[in-house]
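Taken from TrEMBL, the feature domain 'ABC transmembrane type-1' covers 80-270. Taken from TrEMBL, the feature transmembrane segment applies to 23-43, 84-108, 115-137, 149-170, 191-216, 249-270.
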């Protein structure tokens, strides 16, 4: 076998491997987006068509009727507004406190810092359902039951957010820059606000997406503490109509599809920053 033939075989092998990899990735993409496409298609059909048997990928003509039914069975846009306000406020407050705590754990030296960090990491391994009863008892004692504050406040300072920002500060904020700023007489607050925060934009974008998606999709805590129809979030409303007789599934699927759109828009807007924030901790 000549050198040229060997080179041709090696190149062919690499191209075949790349092609197989792309096919596998495309398959995973299709598996991931199929539920969203399927829910959007079902939003154009009525209940009778859905349960007639078989899989119909044709777009139906019941979209307007399903939207009218959606507004009849629930106060849909009120639920969307409640979910947005909870997710927006909770995310904004979380960015402030998690960035401060992450910066402090990354740069400050104080007794017990490693122990605090270890306990915080260990708390991430506790299933949220185990804290549901203590969560309700605390909320009830503070008189916050049936308020939106009870839904977002306990999750503003979360271990994952602090851990993410702490790792990002360690990987992306030069210590020499912080020391030089201190020598110039800058206060810790000024260093944090004028130097650290601008460098944390990719990390903050990542945390914002993760926190917003969590608060938007959160169902268990609102189910426990919110009982007034005017305070319910969209996840509660969509679930509350699934047990009634002759559930208009076309309307439910339409509501589900619409409720996903803000998350898709948020990810498309900040996806580059999110990818940069997730990968920055691996390269210093």
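Cβ atoms are placed via backbone N, Cα and C, with glycine included.
TrEMBL does not curate its annotations; it predicts them automatically.
The transmembrane segment (23-43) makes no contact with the transmembrane segment (191-216): fewer than 3 of their CB pairs lie within 8 A, with pairs spaced 6 or more apart in sequence.
Scored on C-beta pairs under 8 angstroms, the neighbour of the transmembrane segment (191-216) with the top count among 84-108, 149-170, 249-270 is 84-108. Long-range contacts of the transmembrane segment (249-270) within its own chain (CB-CB distance under 8 A, at least 6 residues past either end) are made by residues 36, 39-40, 42-47, 50, 60, 62-63, 65-67, 69-70, 73-74, 76, 80, 83-84, 205, 208-209, 212-213, 216-217, 234-235, 237-238, 241-242.
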